[in-house]
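Trainee: I am attaching a structure below and will ask some questions about it afterwards.
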């Protein structure tokens, strides 16, 4: 039985009924929901407020989580840096706990496969284990405590962790210590504590040096060696100054069995007097001489000045027409905080500004590269020119001119940020506005001066402003400007040189590397504090354009006083840079710092060029040896000959 309500609803919806027709002809508006009043309104408001507070709390918790994570990463980075620097553990640039455990296991004598399988290569004898594979528990066993005092045991443990500094990181995990039963007598007699469990680590390390770590480079990968010719062989009118002297130098170079030479092509010479008027006559004459000696040739597109750091008058300046423009518009040059202009190279702020007689900065670079490619098309076709290096900043390296001696900088000063020309300041304001904090459109006001030390500044000191929100924003923008400049120029360089190998030089800013901020690297444009890898973004751009990364290598030993004063770590820096490049599939090359080396220095360069016992056999694709002039300097030819043969994998004793 239907209810009355059902009948009414049926009647209302019956299409034959009059009520339904009226309803369809005149639809009734929906009733507005009633606003809550009284207690209901209060409850709704409380719900809204609690939702808003909950959102704020979640945002705050996110920020706290970010800070905790950043703090954790900083601690982890310091631990990893300590293991690399003081323990010579071969940890990758972005190591995790698995890498650390694997390195510790290998150091203890275990074998760790790529899939994580861990085992001992040879089980130790029951009466005495392998020295390297002993655990901390076994070192503090009852037998050990009976044979030597607690103090002696702790001292022995400390000495075991010391790794000789001349062992490269790549060679550590390949050092296999033989079983103790074959060497018990030697170690027992040599040890000051005549027991099996307490050994003198120094005696053991000497044995490793005499056996495993031999100076034998026979059969190692072949690394081509190029010698860089002096900068002053062509004058400002693009004339070869001393052809006969060049021939004599090439005779000596050829006698060393090197693979080729490197020549700087200076922008200030080629386009020195008029815009888009290129003169290559002196270089044509020089290249013809090099062709006669059947040497390969690498050229450098040098868009910076030469010789300006040591004196007020540059040996080779930027083109005169560019300097004339700079007199009216000084902002085309890099500028420090005090407004001083650096004419060593053009500011990256004008890369896309038409301020150079109707051309942008990158167009000027491209026009010269295209002119060179057209002028020497025959040499490219012959294969004489094997590579082209593109200068991207101060000294031809990818860096800001933050260490300019003409500005008063002296080693080991931290340098100054170079971002105060109006074009880079405009870019900074735009980035700050996009970030939502327009008041961040400024350089740091507590970053010291050229010769400051990190601890003397509020920006670079430990827990300084470099790691707060503003500091990270500014440093990211500063380094991103460097990356964008490299990307823009290399995009055009690959068009100009097509299939020719292109090289980019990366600086070695090794001082203050052991401080948390890495202050000198920050001012040079590499955002590489201890809690961040500043080279990976740069190398991603280099990989994008398939270029070769050339790293400036140090082949000299610094005094302990100098190392302590400036907290340098050239080995740690080169390890980070090279592994970061190789991990991204980049080809790596090297160039020595401008110094004369002894045999130890040459040996160090060889070990950097082809790391001993690298499991992947990674090595430099070539090495550039540079010195002012091989004829005018005191070069030990026998030592240089040893160096070349070791690079070629022909020398058994260095």
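The chain as shown is numbered from 1 upward.
Even glycines carry a Cβ here, placed using N, Cα and C.
Bear in mind that the values here come from a model prediction, so they are computed numbers and not experimental data.
So TrEMBL has the following annotated:
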REGION    1-69  region 'Disordered'
COMPBIAS  1-14  compositional bias 'Polar residues'
DOMAIN    52-199  domain 'BES1/BZR1 plant transcription factor N-terminal'
COMPBIAS  54-66  compositional bias 'Basic and acidic residues'
ACT_SITE  397  active site, proton donor
ACT_SITE  591  active site, proton acceptor
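Explain the structural surroundings of these features, please.
Mentor: In the shown protein chains, 25 other C-beta atoms lie within 10 A of the C-beta of residue 591 (active site, proton acceptor).
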Trainee: How big is the Cα-to-Cα gap, in Å, between residue 397 (active site, proton donor) and residue 591 (active site, proton acceptor)?
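Mentor: Counting only the Cα atoms, the answer is 12 Å.
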Trainee: Mind checking how the compositional bias 'Basic and acidic residues' (54-66) divides into helix, strand and coil residues in DSSP?
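Mentor: Breakdown, helix to coil: 13 helix, 0 strand, 0 coil.
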